[in-house]
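What follows is one structure encoded as C-alpha cells, with my remarks underneath.
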Amino acid sequence: MIRPKSMLAANAAWARETCERTPGFFDALARGQNPRVLWIGCSDSRVPAEAITHSAPGDLFVHRNIANLFQPDDDNSASVLEYAVRVLNVDHVIVCGHYGCGGVRASLLPPPADLPHVSRRIAPLCALARRHRDTLADLDGVAAADRLAELNVLEQVRLLRESPIVRDRERPPLVHGWIFSLTDGRLKELSSGYEGASAVSAELAPSLD
C-alpha cells in the first residue's frame, strides 16, 4: 500500500536519481515549459498520461477528469484548452479514453443519489448513450460500455474541433482520439488529426451514422 510518507521518500530518491542520470534536468525544467501536446484524459489512477506514453516532465500539458470529457461551457475545461492553444501554442490535442471506464459504465445506469456532482458531470455522456441506444442495445454490458467509451472519445474530438479556441487559430492544433486498453497497456487510435476531421476508425464509422 502506498502511503504519503513512502511517496515523499520515493520522490527524494527520484529527484536524486534524475540529477545523477541527467545533470541540469531540473534547471531546464525551472526555465519554463514548452509542451507540444495537450492531453485530455480520464482521472482513473490506472491511466497516467506520462507513464503510458513514456513521456518526461514537460512533454505533456495534462487535463484529467472523470470520463475524459470536454465541455465547452465549463470554465475548467475551456481554460485549459485556451491556455494550451493560445499561450503554449500546442501542435496537438489528444483525447484519451480507456476501456473499463467507471464514468462510462455509470452513464449506462440510473444516477446514484449519493454522487450528485458525478451525475452532473457525466450528464453529457448519459445523453450520448441515449443517442446511440440502438447501437448499444445489441451489445452485452461490458461490450456496450467499451463501445460507448470509444464513441465518447470521438464526441470529445468533435467538440474540440468545433471549439472557436481551436478553430480560430491561424494554424489550428490537430485533434486526435485515442483509447487505452487496461488489459495489454496499448493505445489505439480512433481518430487521427492528420487525416482530417472525418478520419474515424473503420469499425466505428457505422455507429456514427
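Even glycines carry a Cβ here, placed using N, Cα and C.
According to its DSSP assignment, Asp44 (Zn(2+) binding site) is coil. Positions annotated as Zn(2+) binding site by TrEMBL: Cys42, Asp44, His98, Cys101.
Annotated Zn(2+) site Cys42, Asp44, His98, Cys101; additional same-chain residues within 8 Å of its Cβ mean position, judged by their own Cβ, are Gly41, Ser43, Arg46, Val47, Ala67, Asn68, Gly97, Gly100, Gly102, Gly103, Val104, Ala149, Phe180. According to DSSP, His98 (Zn(2+) binding site) is assigned to a strand segment.
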